[in-house]
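**Student:** Take a look at this one; I'll ask things after.
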Amino acid sequence: MDASDPARGPRADAEVVVDLAAVRHNVRRLRELVWADAESPGEVMVVVKADGYGHGMAQVARAARQAGAGWLGVATPGEALALREAGDTGRLLCWLAAPGHDFAPLVAADVDCTAYSVAQLDEVVEGARSAGRPARLQLKLDTGLSRGGATRDHWLALVTGARHAEDEGTAVVTGLWSHLACSDEPDHPANAAQVAAFAEALALADDAGLRPEVRHLANSAGALLHPAARHDLVRLGIATYGVSPAPDVVTEAELGLLAAMTVRGRLVMAKELSADDGVSYGHTYVATGPERVGLVPLGYADGVPRHASSRAEVLVDGRRAPVRGRVCMDQFVVSVPEGEAGDEVLLLGPGTQGEPTANEWAAWSDTIGYEIVTRMGARTHGRATRVWVGQEDT
Ligand SMILES: *Cc1c(COP(=O)(O)O)cnc(C)c1O
């Protein structure tokens with residue numbers, strides 16, 4: 001085991017363990033699932049934004065490259081530059097810069113920049129001029145998510161402006177892309193509508209003379225459930241981490257994916273309650289008879305969702321232990337008929353020992369597995385230490 005975060009000091013009472021061998025397995029498995037039957041196989045972009053969905057951006061990036069990811073994707077320019085600083089030199093796309101952003105460092109670092117609008121295109125071109133080399137530029141179209149990207153009405157102006165930048169040598173258009181709204185709902189009509197809108201926009205760009213390296217529309221669920229959305233490249237986030245993007249449609253096990261994150265701790269104490277004893281803030285749980293409970297030293301500051309109060313379960317010594325009462329900032333109480341102080345508690349993991357998965361926590365908390373792993377992995381202060389195992393590709 002390699003504790004890669006020495007600033008945090010000695011092994012803590014609670015830790016987030018990230019299995020990079022699982023990440024590599026998932027990337028290889030996904031390449032096979034998406035491209036094995038394709039006539040001309042495309043590429044895979046592993047999305048490592050938000051600190052690799054809580055798993056550690058630089059560590060996941062390295063594992064993804066080892067497993068053959070031709071591209072990495074991040075949201076912000078800061079994330080892209082941090083990856084370059086960590087030594088990554090491959091194809092890298094970023095897509096979320098605020099107005100007034102100085103693109104010169106991204107251009108100099110050979111990062112593909114995304115423009116949503118002509119105004120943003122002008123900023124990228126400005127960055128290219130300062131950097132003294134053409135920007136690698138990708139154009140994003142809004143095909144129906146109504147989030148970032150040019151609307152259909154503005155697409156032609158964006159494409160034409162980009163073609164002009166190519167002519168003057170300030171940009172090379174490397175990609176055209178969009179993002180799906182309902183990819184985890186296979187029968188939702190938005191999927192076919194977005195695929196069609198994207199095709200139309202690609203034709204317009206082609207007519208305008210753009211010849212990008214890659215066209216891409218699909219995230220994890222899009223790549224797995226909508227072959228027509230795959231184009232040249234699929235952007236895989238959550239599936240890389242071994243969490244199904246559409247748990248109601250297909251499970252991790254059915255996809256052959258392995259959850260990379262395990263969250264564990266130890267019971268700080270165990271004690272007996274009597275009938276009518278209220279538990280935790282607000283006494284939202286009251287013991288109905290004698291009950292033995294244990295104290296878990298993790299709370300919502302560690303990403304344990306407060307919404308899962310009295311709903312979630314953890315694994316203590318191989319048995320499911322239900323949460324009793326409210327999850328607090330740093331701790332919560334579980335029912336443990338035979339628990340003792342020091343017992344191992346598994347909050348979250350691949351489920352192979354009976355512990356809850358991220359998607360189980362999501363159901364308990366009315367959210368999605370993405371939010372569970374991103375928050376649990378993000379704790380940057382206090383008790384939870386994050387360690388990475390399986391660093392070497394053997
Ligand atoms: C986060 C993100 C992805 C990855 O989505 P998953 O559902 O995690 O696969 C892909 N593309 C864009 C634009 C994103 O913001």
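Heads up, residue numbers simply count up from 1 along the chain you see.
Keep in mind that glycine also has a Cβ here, set from the backbone N, Cα and C atoms.
TrEMBL entries are annotated by machine, without manual review.
Summarising the annotation, TrEMBL assigns active site, proton acceptor to Lys49, Tyr281. Here TrEMBL flags Lys49 as N6-(pyridoxal phosphate)lysine. The substrate binding site annotation in TrEMBL covers Arg147, Met329. Per TrEMBL, the feature domain 'Alanine racemase C-terminal' maps to 260-389.
Looking at the shown structure, what environment does each listed feature sit in?
**Tutor:** Around Lys49 (active site, proton acceptor), taking its Cβ as the centre, 19 other Cβ atoms fall within 10 Å, counting all chains.
With a cut-off of 8 Å between CB atoms and residues at least 6 apart in sequence, the same chain places His179 near Arg147 (substrate binding site), listed in sequence order.
Counting only same-chain residues at least 6 apart in sequence, those with a Cβ under 8 Å from the Cβ of Tyr281 (active site, proton acceptor) are Gly325, Arg326, Cys328.
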**Student:** Near Met329 (substrate binding site), which residues of its chain come within a Cβ-Cβ distance under 8 Å, counting only those 6 or more away in sequence?
**Tutor:** Gly299, Tyr300, Ala301
**Student:** For Tyr281 (active site, proton acceptor), which DSSP three-state class applies?
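**Tutor:** SS state of Tyr281 (active site, proton acceptor) = helix.
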